[in-house]
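The next block holds one structure in the form of structure tokens; read it before the comments.
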Ligand SMILES: O=C[C@H](O)COP(=O)(O)O
């Protein structure tokens with residue numbers, strides 16, 4: 001049985017003061033939740049204080065990015081050891097904004113995934129198609145390509161423990177979520193693709209989130225789909241009350 005995982009992705013939002021204020025309020029609101037995992041992926045500057053605020057709570061911490069090298073002359077980047085030192089269990093890898101705005105390609109993402117596994121960091125790997133690809137009926141081929149390229153050379157044991165986030169680019173920040181049926185159709189396909197690449201056991205174990213305009217008012221119907229194991233939440237995760245309603249979707 002897969003435990004639902006609701007994870008915030010704050011993107012480039014929140015000063016340290018704002019992050020601490022939100023986390024203090026949020027941890028109280030979800031203190032009694034034990035059947036859903038909650039996490040916050042935050043900007044690098046916020047991770048150290050958030051680790052202190054969230055210590056001894058049920059809220060997990062993650063980085064929004066991570067480089068594939070262990071250390072060195074890589075100005076502006078974060079190593080796996082650095083994010084672990086501030087309590088990160090997770091790291092988002094390959095968010096579409098990293099792919100589109102910062103030019104991260106599947107070869108780089110594959111290296112990042114390998115480094116994450118080597119350092120006991122659970123990646124949240126984002127995949128998903130653009131609007132033109134969906135309109136051309138190429139969305140299945142697109143996510144299959146991303147899965148095969150990004151997971152190349154990665155063992156089933158690691159894949160079982162990671163998280164996939166299906167995020168169609170046309171639903172991110174637009175207020176227009178995929179319908180629950182659209183999300184289920186492609187997430188089921190993603191699980192079947194993992195089964196073909198690995199085996200049934202791996203496909204049953206891996207958690208697959210949906211991301212793209214998840215809100216307190218649509219989360220329940222999204223989560224009613226059998227293959228959807230959680231959500232990667234952008235704008236609705238910025239306020240404690242809104243994100244806590246998503247975590248408490250049941
Ligand atoms: O990582 C989160 C996604 O990009 C979704 O963002 P959104 O909830 O603001 O649409």
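We count from 1, first residue shown onward.
Positions of Cβ are set from backbone N, Cα and C atoms, glycine also.
TrEMBL labels come from automatic prediction, so no person has curated them.
For reference, TrEMBL has these:
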{"type": "ACT_SITE", "residues": "95", "note": "active site, electrophile"}
{"type": "ACT_SITE", "residues": "167", "note": "active site, proton acceptor"}
{"type": "BINDING", "residues": "9, 10, 11, 173, 213", "note": "substrate binding site"}
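Proximity to ligand 1 (Cβ under 6 Å from any of its atoms) holds for these binding-site residues out of 10, 11, 173, 213: 173, 213.
Taking the centre of the Cβ atoms of 9, 10, 11, 173, 213 as the substrate site, the nearby residues of that chain (Cβ within 8 Å, site residues left out) are 172, 233, 234, 235, 237, 238. Once the Cα atoms of 9, 10, 11, 173, 213, the listed binders of substrate, are compared pairwise, the greatest separation found is 14 Å. Cα proximity to the residue listed as 'active site, electrophile' (within 10 Å) is found for none of the binding-site residues 10, 173, 213. Between the CA atoms of residue 173 (substrate binding site) and the residue listed as 'active site, proton acceptor' there is a gap of 11 Å, rounded to the nearest whole number. In this structure, the CA atom of residue 213 (substrate binding site) is 10 Å away from the CA atom of residue 167 (active site, proton acceptor).
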